[in-house]
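As written in TrEMBL, here are the features:
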- B:35-101: domain 'RNA polymerase sigma-70 region 2' (DOMAIN)
- B:129-179: domain 'RNA polymerase sigma factor 70 region 4 type 2' (DOMAIN)
Amino acid sequence: MNKPDFEQFLKESLEQTKDIAPRRDLWKGIENAIASAPLEDKQSSYWPKLTGIAACLLAGLMAWQVVLNQPQQNTMTNMSAFFEQQKQSLLVQYEAQPALTSDWQAQLAELESAEQAIKAALQSDPENAALLQMLAQVYQQQLDLINKVHEPRWQQI
Amino acid sequence: MLIDANQALSNTEQTPIDELVRKVQQGDQQAFEQLYRKHEKRVYGLCLRLLASPEYAEDVTQEVFVQLWHKIAQFKGQSQFSTWLHSVTSNIAISYLRKHKNWLQKVVSIEGSGMNEQSVDMCHGLNGLDKLVVRLPERARLVFVLHAVEGYRHEEIANMLGMAVGSSKSQYHRARQLLQEWYDNE
């Protein structure tokens, strides 16, 4: 039997059912999440997250101020000092709050190794704008990760 | 209170969607499980096609229904519930993809790849076209699924993906070319 041409194959395939069953029952995780986080309690849980997001945004803006306004100084050192302060603030803020995954510190270590690689490259070219941008983004990733794993909603799944 | 999954499925077939949605909006968790059983395969299927990863698709399916529980009050019935649910699913899946790019992909804008052929063979539930779609590169795959499978217009897709309308059209063309090439070589 001849294979149908592509257009016919496409038409027939798109008309078929779009259902695919997941490999496992996902309901249990959903049930746990919605049972443990009733709507009224969710309102207050937004505040730590909002605070974290605001801190990240502020950190990003301040970092670019450092990059744009202080080209004569050691930009990498200034940026690093600023982000390290932000990171420590977040870690202190979430100290008493359990994290979603147990391996988040390994993920953080991976980002920190990327940070070290970029810093090493900056040693030989301290004002390289592309490297500075990469460094800022890696710092931002670290702050996002810390926020993400401490986000209350995900802890329930 | 928990109910048996089979009972929930059986009830699903008897209760109209509008009635289930109304009950869920009043905080009825049993009705919500019925709503989940009714839509889980469609939502998971969409997630799997968009994300090309069973693990990501499972995560996002759960995330969709958790968010649905909290946001269902926003559903006012102007569109069909399934249309609204697909829109919520698509947006959460796209957002998930953005968040899960590694730092290098974000910094240098490397496009995510699709599944390799070996992974496709091990992924159950995919029909002939799906097996090709999940191999597409990320942008071409997203555009193809949203346009050809889900019926979004290129203007809508451009808005969802943060790209130009022309880019959406060219990614769709690219997807079709790749799909045809793979299909012809099968």
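Heads up, the Cβ atoms here are built off N, Cα and C, so glycines get one too.
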Give me the DSSP three-state residue breakdown of the domain 'RNA polymerase sigma factor 70 region 4 type 2' (B:129-179), ordered helix, strand, coil. 40 helix, 0 strand, 11 coil
Averaged over the domain 'RNA polymerase sigma factor 70 region 4 type 2' (B:129-179), what pLDDT does the prediction give? 94
Within the domain 'RNA polymerase sigma-70 region 2' (B:35-101), how many residues are helix, strand or coil going by DSSP? 57 helix, 0 strand, 10 coil
